[in-house]
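To keep things clear, I will list the structure first and then write my remarks on it.
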């Protein structure tokens with residue numbers, strides 16, 4: 001099980017729909033297509049993706065469910081944590097939430113992908129700025145988890161291939 005976490009409005013549902021479109025439509029035409037419409041997730045969404053080597057289930061948890069995220073941590077071996085890099089007012093809360101996720105006992109051996117989304121917007125911060133604000137180098141150095149960071153635009157499709165590669169890299173080891 002892979003958990004997809006992040007505050008409300010960061011683009012979790014759009015990411016899942018884009019990944020589904022790429023995998024089901026077999027390709028790059030999905031990058032150029034109009035982004036699918038989404039609604040805020042209330043509760044949880046389960047999405048099955050079939051990658052090159054195996055299928056996996058991604059459980060998206062609505063941002064408003066943050067207080068009960070820990071009840072979903074068992075049986076989870078990977079986490080995708082999304083941040084809205086264009087929403088300055090949400091940055092500190094997102095960082096605290098990420099630290100809480102990383103500190104959770106059941107996730108100590110999980111692999112974590114931190115996605116800085118909305119890189120297509122003109123008011124967004126660069127990946128370097130976001131990593132600096134989050135002090136990602138310090139987090140990566142201290143956390144027991146394997147942590148990867150990527151820049152993403154779920155709207156335009158930038159970075160989706162890297163997300164798929166990251167997910168597929170766990171297919172060999174049956175970590176998902």
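Note: Cβ is positioned from N, Cα and C throughout, glycine not excepted.
What TrEMBL records for 6, 7, 8, 9, 10, 11, 12, 13, 63, 117, 118, 119, 120 is GTP binding site. Around residue 8 (GTP binding site), a 10 Å sphere centred on its CB holds 15 further CB atoms from the protein chains shown.
According to TrEMBL, the feature Mg(2+) binding site maps to 13, 41. Within 10 Å of the C-beta of residue 13 (Mg(2+) binding site) we count 21 further C-beta atoms, all protein chains included.
Of all Cβ atoms in the shown protein chains, 26 besides its own fall within 10 Å of the Cβ of residue 10 (GTP binding site). Cβ crowding, taken as the number of other Cβ atoms within 10 Å, peaks at 6 among the binding-site residues 6, 63.
The most crowded of the binding-site residues listed here (12, 118) is 12, judged by how many other CB atoms sit within 10 Å of its own CB.
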